[in-house]
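Read the structure below first, then the notes.
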Amino acid sequence: MPQPRRSSTNPVAQSRPANRVLSRQSLKRHFTTLLQPERKLSSPPSAWQSLRAIILASWLNVLLVCIPISWAMNFALPDQHTLIFVFSFLAIIPLAKLLAFATDELSMRVGQTLAGLMNATLGNAVELIVSIIALTKCELQIVQSSLVGSVLSNLLLVLGMCFFAGGLRFSEQGFGHVAAQLNSTLLTVSVIAVLLPGAFHMALQGSTSVSESDLDDRILKTSHGVAVILLFIYCSYLLFQLFSHKNLYSDDAFEASRKYSGENPFKLGHRLRRRRRAANDVGMTDLPMVSSPRQESVHIDHGDENSISHPDVTHDVESGSSEEEEKPQMSVPVSLGLLVAVTVLVAVTAEFLVDSINGLTSGGAISTEFVGVILLPIVGNAAEHVTAVTVSVKDKLTLSLGVAVGSSIQIALFVIPFIVTLGWILGKPLTLMFDPLESIVMFLAVLTVNYVIQDGRSNWLEGMLLMSLYLILCVTFWYYPGTSPILSC
């Protein structure tokens with residue numbers, strides 16, 4: 001007689017379906033948090049309103065006229081390299097701004113962490129396009145110098161402008177120092193990866209056991225292996241930032257910013273008018289103003305209607321600000337269409353720009369090194385300049401660091417190894433052995449930024465120091481002739 005089947009009482013077997021359900025729910029909750037916007041959005045505008053917003057997005061749109069001019073000169077006057085470079089240079093600036101505008105419209109529909117990642121990723125689209133075009137044309141020196149210049153521009157110029165602009169309104173601004181220190185570690189690892197091929201070459205150069213051709217081949221293979229590892233590190237960083245430790249990149253991970261105690265020294269004219277008005281009210285224009293202890297402890301800054309200024313901490317007093325709806329300026333289809341159109345225009349214009357560089361630098365008035373390290377990154381980082389500085393003034397320094405420092409991490413851990421891997425696929429001998437001065441300067445820039453952000457707070461002087469260091473690099477690379485890559489096509 002058959003016995004009845006016994007139900008399984010194995011606790012491990014019973015826990016597996018529950019664990020799978022819990023894992024799915026946890027993953028779904030993570031994606032929901034990433035895609036949840038910070039503020040409620042109103043209904044999207046119509047197609048005509050979206051197009052009108054694109055036209056009126058910025059006064060830089062007047063430079064869009066340089067696009068047809070640069071294209072026409074490239075075909076009609078191919079020998080006028082300087083004019084082609086100048087007009088192509090000016091044409092990419094408004095395109096980068098429109099790229100940032102479309103990115104902002106899409107990022108307001110997601111959470112802050114994913115918004116910072118989108119701004120940093122799409123903000124690097126110009127650098128990536130220029131690097132790919134230069135790689136296909138085998139301009140290896142332009143590829144390497146422009147990528148190093150992008151890292152320097154983001155770390156020193158963009159971040160310095162964020163600290164300086166925010167410091168004009170706030171005495172100190174706080175940000176997540178744990179996440180900032182982690183970002184510095186990632187940048188340090190990437191710089192070490194750039195320095196090692198140079199040390200490899202220096203250690204074996206002149207050795208009788210290894211020929212020069214064999215040494216170059218070893219450095220090329222080393223660069224390919226290191227590039228794959230850097231791409232793995234970047235994927236791990238995305239997993240860390242978006243899932244396992246996303247709380248480190250939220251606004252709750254740092255202390256509140258501090259207003260200036262008493263009067264803001266950078267609002268001199270506004271302060272004098274307010275004192276004169278207060279003195280006229282009491283009829284004592286010739287006597288000094290005396291404040292009571294209570295008035296000194298809490299000071300209401302009428303220049304900023306949204307905040308109350310305390311000597312230590314800034315408090316938001318705008319009632320219901322978190323419940324107010326944020327109105328997008330473009331619909332999602334128009335934003336995506338703008339991204340595609342701008343990307344195509346940037347690709348074509350960047351090709352003309354790269355073609356004109358050799359003719360521009362052949363006269364000796366300007367070096368290829370200066371064009372790659374200084375000029376090209378300024379064009380590519382125009383979007384980061386506007387976005388990062390704007391949000392830092394609004395006391396969203398975490399988002400500014402996500403754009404500026406996050407963009408540098410993407411260049412160092414994603415774009416550089418990706419371009420090296422792409423060169424490997426295309427048969428281009430691009431290595432991680434950069435110009436010696438470029439490698440040293442990038443290491444010193446990462447070291448300086450690490451010292452600046454280690455306390456988790458910023459002020460205007462730190463921003464000014466970073467911008468001044470970038471100007472020092474501009475002067476240095478203006479007179480530096482540069483060196484050619486060890487391998488050429």
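Using the three backbone atoms N, Cα and C, a Cβ is placed for every residue, glycine included.
Predicted, not measured: the structure shown is a model, and the values here were computed from it.
Residues annotated as compositional bias 'Basic and acidic residues' in TrEMBL: 296-318. Residues annotated as domain 'Sodium/calcium exchanger membrane region' in TrEMBL: 82-242, 335-478. Under the heading region 'Disordered', TrEMBL lists 292-329. For 50-71, 83-102, 114-135, 147-170, 182-204, 224-243, 336-354, 360-380, 401-426, 432-453, 460-480, the entry in TrEMBL reads transmembrane segment.
Taking H, G and I as helix, E and B as strand and the rest as coil, DSSP gives the domain 'Sodium/calcium exchanger membrane region' (335-478) the counts 119 helix, 2 strand, 23 coil. In summary, the transmembrane segment (83-102) does not lie against the transmembrane segment (147-170): fewer than three C-beta pairs, each 6 or more positions apart in sequence, are under 8 Å. For the transmembrane segment (182-204), the list of distant contacts is 151, 155, 210, 215, 218-219, 222-223, 226, 229-230, 233, 237, 240, 248, 401, 405-406, 408-409, 412-413, 416, 431-434, 436, 439, 442-443, 446, 449-450, 453-454, 486: same-chain residues at least six beyond its ends, Cβ to Cβ under 8 Å.
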